[in-house]
Structure formats: C-alpha cells, structure tokens
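Colleague: Would you mind keeping the following structure in view while I ask a few things?
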Amino acid sequence: MFQGKGRSWKTLLIVMAAVLTVSALAGCGKKEDNTANSGKGDTSKVIATYEGGEITENEFDLEQRIVLALQPQMEQFLQLDDFRDYLVKQVITYEYLEGKADDTAKETGKKKAEEQFSAMKESMGADQFKSMLDAQKLTEEEFKNYMIKIYTVMQSEQAKVTDEDVATEFEATKEDYITASVRHILIGFTDKEGKERSQEDALKLANEVKGKLDAGEDFATLVKEYSSDGETNINNGGLYADTPISNWVTEFKEKAATLPLNTISEPVETTYGYHIMRVEARTEKTLDDLTQDDKDLIKMSIASQKLDEFMSGELEEKVIKSIDLPKVETTEEGTDSGTESDGNAGTDTNTGTDTNTGTDGGNAGTEGTDTGTNNSK
C-alpha cells in the first residue's frame with residue numbers, strides 16, 4: 001500500500017536527488033562547474049539567473065527530460081507551474097552548491113557517480129539502459145555528468161554532518177532500525193478471484209482465521225488457504241524474514257514493533273484488508289550497532305533535509321536573482337510508469353526504476369525512500 005500517496009512532489013524530487021547516493025536512481029544534467037560551463041555553446045533563452053550563474057531554456061528542458069526518463073509518471077506534474085518553479089529552483093540549487101564544493105567532494109563525487117553509473121547500467125542491462133535514455137533523447141554523457149553533479153553536492157553536504165548529528169537523528173528514528181521476522185495472513189478487501197469483499201465480511205473472516213490459529217492450526221497451511229497476499233509471500237508461508245519494519249506501512253509497522261513474540265494478533269486493518277500477524281523474531285539496534293552503511297544513510301538523510309532547508313531559505317532569499325519560465329506546451333496524454341511486483345506491500349516512493357536491490361513487497365506495505373525495493377500494487 002502506498003504510504004507515500006499524500007507526499008508532495010517536492011519530497012519526491014528531493015528523494016530523487018538524494019537516492020543517487022545509494023542506488024543511482026535519480027536525475028541527470030550536464031555541467032561539472034556552474035560558472036565555467038554556464039551557457040557554453042547554448043544560445044537558448046536564459047530563464048533564470050542566480051549568484052554566479054544562469055539557467056537556459058535548453059538546460060531546463062534537459063532537466064525535464066531526465067526527470068521523465070527516470071520518473072515517467074511525473075509528466076503530469078510538469079504541466080503544473082508550481083512544480084516547474086520548484087524544479088528550476090532545484091536545478092539552481094545543485095548548480096550553485098556544486099560550485100561551492102571543495103576538491104575532495106568533487107573528486108569523491110565523481111568517483112562514486114562513475115561507479116554507480118556503471119552499476120546501474122549493468123543492473124538494467126545495456127539495451128534497457130539505452131532505451132531509457134533514448135526515450136528522452138539523452139546521451140550517456142549527459143546522464144553521467146549530472147550524476148557527478150548530484151554526488152558532488154551530496155558529498156559536500158554529508159561532509160558537514162557531525163557524529164553528534166548522526167546520534168541525534170538515530171535517537172529520533174530508532175524504530176526504523178528494528179528488524180523483524182513477521183508471519184501474516186491477509187484477508188483482503190479483494191479476494192483471490194478479484195471479487196470485492198466488504199469490510200464487515202473481511203473482518204468476520206479474519207476473526208475466523210484467528211480462531212483457527214488460536215486453536216493451534218498450522219499457520220503456513222492457513223496462509224495458503226486464506227491469504228490474499230502475493231504468490232511469493234504465500235509460498236513462503238506468509239513470512240517476511242529479517243525485514244526492517246520501516247519498510248512497512250504504519251499500522252503493520254507499529255504492530256510488528258510492539259506485538260509480543262509468537263503471539264497471534266487481533267486483525268490489523270490496513271488499506272488492503274485485515275492482517276493476522278505473528279512476530280517470530282525482533283532485533284533492535286543501538287547507536288553502537290550501526291554499520292558504516294547505516295551511518296552513511298543517516299548522513300544522506302540529514303544532508304537531504306539540509307538541502308530542503310537551503311531551498312526554502314537561503315536560495316530564495318539570497319541566491320536567486322530572477323526566474324522567467326516558458327509557458328507549458330500541454331500534451332493530451334501523460335506517461336504512467338508505476339512498476340508493480342508480486343503482492344501488495346507497496347513501496348512508498350515510486351521511482352519507476354528498479355535495481356532489484358531490495359526485497360519482494362507483499363501486502364505488509366512499505367514506506368520511506370525507495371532504494372531498489374520492488375514496487376507493488
């Protein structure tokens with residue numbers, strides 16, 4: 001289920017940029033230095049000026065094509081003035097901050113971007129990767145150069161994050177670092193044949209199934225008989241093994257965090273139906289338990305928050321001089337690329353590109369930044 005449906009497109013864009021640092025799933029542009037290359041060989045209209053540089057119509061068009069290459073479902077938003085205004089401000093943000101980055105950030109950013117570019121191309125396959133770029137008339141050079149820009153800025157911002165910042169953020173989000181093995185049966189609002197099931201009927205059946213579990217009947221057997229979850233989860237006896245609970249929607253996550261081990265839950269309602277849950281294992285992390293990857297992800301999250309704050313503060317107040325966007329040329333149809341996986345877990349941020357670094361969804365529902373977890377319905 002999509003916990004992110006209520007999120008603004010502003011958050012989606014921040015995520016699209018930030019996620020490059022872990023999965024190479026966001027945007028592309030073209031310039032390594034915001035002043036040296038600004039306007040070089042480009043005679044198109046200047047649509048924005050800022051301290052130290054400018055954005056041309058061609059550059060903004062490139063940015064939009066990059067968004068559409070990786071997020072085709074964003075086409076409808078590109079018809080909105082507010083969205084376009086935000087997008088050009090994001091372009092300015094990365095151009096401006098790239099120019100402020102030190103040599104270390106630039107060197108590290110370039111190295112990481114090139115590594116992730118190669119990894120993404122290999123993961124997608126050369127033909128699919130080329131098709132993605134060709135669909136928006138993008139070159140590999142344009143794609144790679146913008147990845148370098150994003151990585152450079154993120155490296156620069158992450159370098160400013162202290163150990164104390166990491167500790168504070170961890171304490172505020174400790175629950176996200178709990179992992180659990182949860183077995184569940186979903187009594188969906190849609191049955192296995194696709195027929196609608198009323199809330200009342202679903203709850204009645206869920207209570208019947210709970211009664212069978214309480215009486216000692218085999219969980220995996222009842223999963224196969226009753227669960228409306230995806231085939232993969234059903235074949236696994238309804239088990240999500242060693243999964244970060246932050247992946248799941250709020251109702252499921254909260255129960256996974258608090259249900260006593262090996263206890264059959266009362267039916268837990270989500271937008272998919274009623275879940276009967278049993279938590280078979282649960283592990284909580286302390287700050288000392290965090291891996292370097294965990295800490296790097298926290299730093300990325302903090303850096304992304306700082307970028308958002310910069311965009312709503314200093315960028316507006318001190319950096320931008322003018323913005324004069326061209327009018328939108330409306331199109332009759334948008335493009336919907338929402339990917340779908342087996343089950344109804346539903347990832348939160350629908351990036352449209354799947355690097356298969358995550359796990360299969362299912363009906364537990366996932367939320368948060370998508371770094372490769374399969375999407376679902």
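Glycine is no exception: its Cβ is also placed from the backbone N, Cα and C atoms.
Predicted automatically and left uncurated, TrEMBL annotations should be read as such.
Among the features that TrEMBL reports, signal peptide is placed at 1-26. The domain 'PpiC' feature in TrEMBL is assigned to 182-281. Per TrEMBL, the feature region 'Disordered' maps to 322-377. Marked as compositional bias 'Low complexity' by TrEMBL: 336-358, 366-377.
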Colleague: If you average per-residue pLDDT over the domain 'PpiC' (182-281), what number do you get?
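Modeller: Mean pLDDT across the domain 'PpiC' (182-281) comes out at 95.
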Colleague: Could you break down the residues of the domain 'PpiC' (182-281) into DSSP helix, strand and coil, giving a count for each?
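Modeller: Residue counts in helix, strand and coil order: 41 helix, 28 strand, 31 coil.
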